[in-house]
Amino acid sequence: MNKKLLKNKNYMLLVIGNFVSLIGSNIQQFVLSLYVLALTGSATIFASMLAISILPRILLSPIAGVFGDWFDKKKSIVILDITNALVLLAFGIYVYLYNDLTIGLIYLLVILLEITEIFFHSSMSAVIPSVVQEDEYLEANSLRMMLVSFGQLLAPVFGALIYGAFGLLVAILINALSFFLSALSEMFIKVPKTKSESNVRSVSGFKKDFSEGIILVKHSKPIRTIMAMAVIVNFSISPFFSVGLIFLLKEVLVQSDMRLGLLQTVLSASMILAPILLLKKLKTMRLGDVLMKSFFIMGTLIVLISFSIHSSLASLADGLASYIYVLVICFIIGILVTGVNISVGTLIQKIVPLEFMGRTSTVLGLFSTIAIPIGQMIFGYLYDIINPGFVFILNGLVILGTVLFFYKRMHLIDDYDKEEVKENLVERSVLVNEI
């Protein structure tokens, strides 16, 4: 790891603050799922809460993108983290006074936190490329991704311990504290201002900046390519992890809950190890090629998972052979997924001008998020009506087809830079104004 990056006070304060708030949020999400299950006996209700959180993302992402580019990034992320902390503190006080949290209030909490998250992500997207050099983007994203994966691994363990020993109230207060600590660390970060932060704020200015964001996403070939790939791959990859693997292990291979838990741990471990294992290789390759090769291998491996259902393999050692086969494949896929996330984040930072980062990242996040539940519903339905092996094959073929379709464009994507994208935006804006 680059020692210069580790000595970068602004970057380290940023990732440490994010790491603390991430653990707090993941602990709370895990505890809320246990609380709702105990309260209602229905996992469907909690799933519906996660689904309803998409609504504010659909409605507010375009607005959040403009505001993220308009305002001082440091002040924005500090204020939003403090807002999160105060919201959680208010809910904590309610739980303390009434010793209860109704389903309706949990819905409200999830929606409020999602709203602040949308605006936070919009501002945060421009912070990392503002506080590190361009040649450090890859390492900066790798370290951040490793900490995110580590936090996701630790959170369920801490969440189970906290909920079992202290209950819901302590989990909410811990999350509130995590956001206060995150805001405290962010107060000491120095973030250079971008050009858009000095513009006059008005309704006409909002319309102009909003339309520029649409033009940038719509007419910039590299951004459009990344977005299209993200949507298609999320449509296919997310249901593989959230629906397919669970269905395969529990319903088809009839494995224990302990083995399912071990699989989740292996996936988390692969995502923690990925930045360490891949960083040197990522530095020597074109990121577009990294994406194509990673997707090709992922698609092939998902197709190969269908063989775990074959009777000759599933019957060995009471299904243990099939389980180990799936475990190894998932470990490799976990590494590749992390490599893809690092590469996409780095490409966006290299291609998108800083003053447009908020609008671009929120639109990318919006369409990627929408693709997930659609994929889960479609593939979930297919698992119920046809042989799961065929569904895995279809899942993998969608990814392989995406690779073939975008291969040429992704191979050339590293050749684009911020100035070229900005020039294209200016040309398009002039044409729109003339029309």
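Using the three backbone atoms N, Cα and C, a Cβ is placed for every residue, glycine included.
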Per TrEMBL, the range holding transmembrane segment, considering 128-146, 261-279:
261-279
Any chance the transmembrane segment (291-310) and the transmembrane segment (322-342) are in contact, meaning at least three CB pairs closer than 8 A with a sequence separation of 6+?
yes
Do the transmembrane segment (12-28) and the transmembrane segment (169-189) come close, with at least three CB pairs under 8 A (pairs 6 or more apart in sequence)?
yes
Beyond the flanks of the transmembrane segment (322-342) by at least 6 residues, Cβ under 8 Å:
138, 141-142, 145, 149, 233, 237, 245, 248-249, 253, 255, 259, 262-263, 266-271, 273-275, 277-278, 282, 290-291, 294-295, 297-298, 301-302, 304-305, 307-309, 313-314, 316
Looking only at residues six or more beyond either end of the transmembrane segment (226-249), which have a C-beta under 8 A from one in the stretch?
217, 255, 259-260, 263, 267, 291, 295, 298, 302, 305, 308-309, 323, 326, 330, 337, 340, 344, 347-348, 363-364, 367-372, 374-376, 378-380, 383, 388, 391-392, 395, 398-399, 402, 406, 410, 413
